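A.B. asks: Per Swiss-Prot, [4Fe-4S] cluster 1 binding site is recorded for Cys41, Cys46, Cys52, Ser281, and the stated evidence type is sequence analysis. The domain 'Radical SAM core' feature in Swiss-Prot is assigned to 54-270; the stated evidence is sequence analysis. Annotated [4Fe-4S] cluster 2 binding site per Swiss-Prot: Cys68, Cys72, Cys75, in sequence order. As annotated by Swiss-Prot, compositional bias 'Basic and acidic residues' applies to 283-298. Sequence annotations record features per position, and here Swiss-Prot assigns region 'Disordered' to 283-305.
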Amino acid sequence: MATKNEEILRKPDWLKIKLNTNENYTGLKKMMREKNLNTVCEEAKCPNIHECWGARRTATFMILGAVCTRACRFCAVKTGLPNELDLNEPERVAESVELMNLKHVVITAVARDDLRDAGSNVYAETVRKVRERNPFTTIEILPSDMGGDYDALETLMASRPDILNHNIETVRRLTPRVRARATYDRTLEFLRRSKELQPDIPTKSSIMVGLGETIEEIYETMDDLRANDVDILTIGQYLQPSRKHLKVQKYYTPLEFGKLRKVAMDKGFKHCQAGPLVRSSYHADEQVNEAAKEKQRQGEAQLNS
């Protein structure tokens with residue numbers, strides 16, 4: 001946690017973005033409030049929200065409430081005692097995806113360690129409801145590790161998302177400090193078991209940089225992900241949400257991100273997005289497999305007919 005006396009690194013120019021609050025963005029924000037829905041785009045203060053909502057027709061819904069049972073030191077999502085589950089949430093999410101005419105939707109969730117099934121049944125039902133109402137929209141899920149409950153993971157994977165995304169976030173050495181309620185190896189096992197359950201569904205993970213890791217540790221994390229058959233990798237700059245969160249140790253340059261992407265592709269990832277403003281869901285619509293891309297093309301054709 002940064003104190004008033006600690007030096008805060010000055011944000012470089014390449015992290016300064018121009019906000020584009022066009023009609024799509026404004027309309028989506030209004031609808032979210034009307035439907036009483038949460039998005040991680042807003043809760044986690046994502047820098048790409050205007051591009052995704054405004055231009056790419058993608059959005060990331062955060063289900064199972066807006067309060068997380070964990071308190072990861074990098075994350076801006078509220079923590080504390082969550083509310084009861086809203087059993088109508090799956091239908092509202094599905095309806096909103098339809099009204100927004102989304103090309104790709106990411107469904108993430110707060111960690112619900114207070115629930116016996118970690119929220120997996122409502123999560124899976126949300127995927128099914130979205131699929132029923134939006135057959136041409138590709139669906140990516142971004143769950144917590146569900147406390148290592150692999151029955152919950154099986155429930156989730158049985159809903160057949162187009163991508164399973166679970167973020168390792170940082171290197172092994174820093175994991176206890178960055179996300180104390182998770183473990184590095186449990187994340188790897190979660191990803192491995194996801195692929196074993198549904199081998200044709202691409203798996204994906206994300207690394208934040210700038211927390212004090214070394215380049216060698218980043219490469220080791222890439223190797224660990226590939227050893228567990230992860231297909232897609234995103235790498236982005238950690239940005240400190242508030243003074244209460246971990247402070248930034250280093251700002252990586254766009255050139256350094258380019259080098260990281262090249263190394264990732266050389267290591268065998270099928271797709272890698274790497275850049276200062278890249279987040280886990282950034283350009284996620286481009287990362288689905290060919291079968292899912294065909295679904296998107298059919299949706300575009302129907303939209304333009």
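Cβ from N, Cα, C; glycine included.
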A.B. asks: Please give me the CB contact count at 10 A for Ser281 ([4Fe-4S] cluster 1 binding site), counting all chains in the structure.
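C.D. replies: Other Cβ atoms found within 10 Å: 28.
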A.B. asks: Can you give the mean pLDDT for the domain 'Radical SAM core' (54-270), rounded to a whole number?
C.D. replies: 90
